[in-house]
Amino acid sequence: MGVLSMIKAQLQPKEVEGATLTTTIERSASANSSTEATQDDEKTVGITTTAEAPVETFDASGVARIEAVQAVWGNHGKYILWAGLAMMMLIFELDNSTVYNYQQYAASSFNKLSLIATLGTATTIISAVAKPPIAKISDVIGRGETYIFTVCCYVLSYILCAKASSFNMYAAGSVFYAIGQSGTQILDQIIISDVSNMRWRGFAYGFSYTPFLVTPWISAFIVQSVIDGIGWRWGIGMFAILMPFSASFIIGTLLYYQRRAKKMGYVVVTKTTVYQFCSLIDLGGVILLCGGFAMLLLPLTLAATTPSKWSTPWVDALIAIGVVALVALIPYEKYLAKHPVLPIHYFKNASIVCACALGFVDSFGFTATHTYIYAWSTVAKNFNARDATFFVYTNGVIQCLIGIGAGAVMYRTRRYKWLMFSGVIVRLIGYGVMIRLRGANNSIAELFIVQCIQGWGSGIVTTLNVVAAQIQVPHSELAQMSSLVLLFSFLGSAIGSAVAGGIYTGTFKGALRKHLGPSVSQSVINTVFNSITGDIPAWGTPERTAAALAYSDVMRYISYAALATSVLMIPLGLLLPDVKLGDGHNVHQDVPTPEAEASTSSEQVSPTDSNDEKKQD
């Protein structure tokens, strides 16, 4: 079956699901009438559930809404949703490939380039810990409603960053940017998972990022024009208009068809108390999870920016509180939470554990080697804004192409383990080559070859590891599982950024002094250390050559760290179970028990596949 046939098959409406939903409502409408009557006098918030179960026992009304939407939208609605996703992904990727570059110039304008890694680590931690609660909220109030919240965070961030009068104000805007970006990313992934089966899902993920094949090349010219013309502030500010406009298509589609499904009787609005709502989103677990990781990792980053470094009292206190919160999360989720945001039995499943660990290690290496790659390319290779953007995003373009191919291979073969392992090996080779070919004296072609190799391995790993984990849970837990995998990936990115920042701040000044000689003034060292737009020595001078060599030394040290860590991906790839993909939504159609998860074998066959094989016999 060709690619066009694959896409066509997925765009057919799901008549069976609609019929099932209708039967459910007819069977239990009276039960829900009594449930609503008992709650009229309580303080309430509105959520949507199917009419089959009372609120206390149904914790995925967002899933109910998307299933109802699929039951009523037909081909026309599905086409509109995919068009809305395409529009959103286009602006999302354009934002990713421009705002990151503007950040370099924003930090330089405040003479704070050395804090890029610190800011990157902090925002990545926020992005990581924001995913589970946003995913959980989308399960309770709906995908479209949660989308509105994330877009509002986006708009607020653009305004704060564009109007920033200090680096601290810019950093505050970056916090809201991290929440908006994190939420939008996880919601896009959840919606794609909602409307695709497990066999086709890897291809759907890869195909959804096709805008990235174009946006880096367009953004390179945009960044160059903005930096030379209106300035980075307007470059960021323009997205305060573009982002909500693009998001309106997918939000409008979801809300319209949800309302239509409600009118047709596929779902009914029930009422729940504030306490029940907090229980549904597992507010206690969210606080322990987000607060624990934030208090554990943020001090590790911020300590380097204080005069007393690690002697600062609040650093130790926050780390201790963070550890206690994460330890307390385990018994809380196991014994107290009715609807846990992080079910403990997930970690008894080999597929889930390996997928999360692979995402963590892969993201660590990528972020560590890319935190200062833009600054290095401008100083060591004299790239302008356009060429530096081309260079930085070559990895992502190749990753997107390979991700589509990996998804197609997974669709055809119904397997992914050994394809994943091949990606792990390519990734490892890429880091080894990077040590040799990412230097001040390497040719431009050699630099781009490294980016292509890394993109090849990353395209396989990032596409497959999400699918490997998602198919282990039922649809009602799909959003949670997606957020869990991305949580570990972003934690890896945060630590990778912190390591890169530590290496840069700890070695760059010494390397620069070594290459410039003992007579160099401290002011020259500080200028190169903190800015790529200040009084950088002219290209071709001995001072600029020394700066290029110092930057290359730092990048080599970072590559060593990435290579050493990526070795862990080999045993993880070998331990990943080889699951046969069927045509159903997930391998597990019902909520799995801890006992069932613990006994998961290394060779699993989906229920759909098992039935097909019996029919053939």
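The backbone N, Cα and C atoms fix where each Cβ goes, and this holds for glycine too.
Small disclaimer: the values here were computed from a predicted structure and weren't measured.
Positions annotated as compositional bias 'Polar residues' by TrEMBL: 598-609.
The region 'Disordered' feature in TrEMBL is assigned to 586-617.
Per TrEMBL, the feature transmembrane segment maps to 114-134 (among others).
If you look at the transmembrane segment (146-165), the same-chain residues 6 or more away from its ends with a CB under 8 A from one of its CBs are 62, 106, 134, 137-138, 172-184, 187, 233-234, 236-237, 239-240, 243-244, 247, 250-251, 254. Look at TrEMBL and you will find 146-165 (among others) tagged as transmembrane segment.
Per TrEMBL, the feature transmembrane segment maps to 203-222 (among others). Taking Cβ pairs closer than 8 Å, the transmembrane segment (203-222) reaches residues 3, 6-7, 10, 85-86, 89-90, 92-94, 96-98, 101, 188-189, 192, 196, 235, 385-387, 389-390, 392-394, 396-397, 400-401, 403-408, 410-411, 459, 463, 466-467 in its own chain, all 6 or more past its ends.
Marked as transmembrane segment by TrEMBL: 234-257 (among others). Sequence-remote contacts of a segment are chain residues at least 6 beyond its ends whose Cβ falls under 8 Å from one of its Cβ atoms, and for the transmembrane segment (234-257) they are 65-66, 69, 72-73, 77, 80-81, 83-85, 87-88, 90-91, 94-95, 98-99, 102, 106, 142-145, 147-148, 151, 154-155, 158-159, 161-162, 184, 191, 222-223, 226-227.
Summarising the annotation, TrEMBL assigns transmembrane segment to 277-302 (among others). Only residues 6 or more beyond the boundaries of the transmembrane segment (277-302), in the same chain, are considered here, and those with a CB under 8 A from a CB of the stretch are 45, 47, 55, 59, 118, 121-122, 125-126, 128-130, 132-133, 136-137, 139-140, 314-315, 318-319, 321-326, 328-329, 332-333, 336-342, 491, 494-495, 498, 501.
Per TrEMBL, the feature transmembrane segment maps to 314-332 (among others).
Sequence annotations record features per position, and here TrEMBL assigns transmembrane segment to 352-375 (among others). Within the chain, the transmembrane segment (352-375) has long-range Cβ neighbours (under 8 A, six or more residues past its boundaries) at 100-101, 104, 113, 116-117, 120, 124, 346, 388, 391-392, 395, 420, 424, 427, 431, 434, 454, 458, 461-462, 465-466, 468-469, 472, 481, 484-497, 499-501, 504, 532, 551, 554-555, 558-559, 561-563, 565-566, 568-569, 572-573, 575-577.
According to TrEMBL, the transmembrane segment annotation covers 390-411 (among others).
The transmembrane segment feature in TrEMBL is assigned to 418-435 (among others).
Under the heading transmembrane segment, TrEMBL lists 447-471 (among others).
The annotation transmembrane segment is assigned in TrEMBL to 483-504 (among others).
Per TrEMBL, transmembrane segment is recorded for 557-576 (among others).
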Any contact, the transmembrane segment (447-471) to the transmembrane segment (390-411), with at least 3 Cβ pairs under 8 A: yes
Positions whose Cβ lies under 8 angstroms from the transmembrane segment (418-435), at least six residues beyond its ends: 358, 362, 365, 369, 406, 409-410, 449-450, 453-454, 456-461, 464-465, 468, 556, 559-560, 562-563, 566-567, 569-570, 572-574, 576, 578
Folded-back contacts onto the transmembrane segment (114-134), same chain, C-beta under 8 angstroms, at least six residues removed: 103-104, 107, 146, 149-150, 167, 171, 174-175, 177-179, 181-183, 185-187, 281, 286, 289-290, 293-294, 297-298, 301-302, 304-305, 341-342, 367, 371-372, 375, 480, 483-484, 486-491, 493-495, 497-498, 500-502, 504-505, 529-530
Close approaches to the transmembrane segment (557-576) from elsewhere in its chain (Cβ under 8 angstroms; 6 or more beyond its ends): 350-351, 354-355, 357-358, 361-362, 364-366, 368-369, 371-372, 417, 420-421, 424-425, 427-428, 431-432, 434-435, 438, 461, 468, 496, 499-500, 503-504, 507
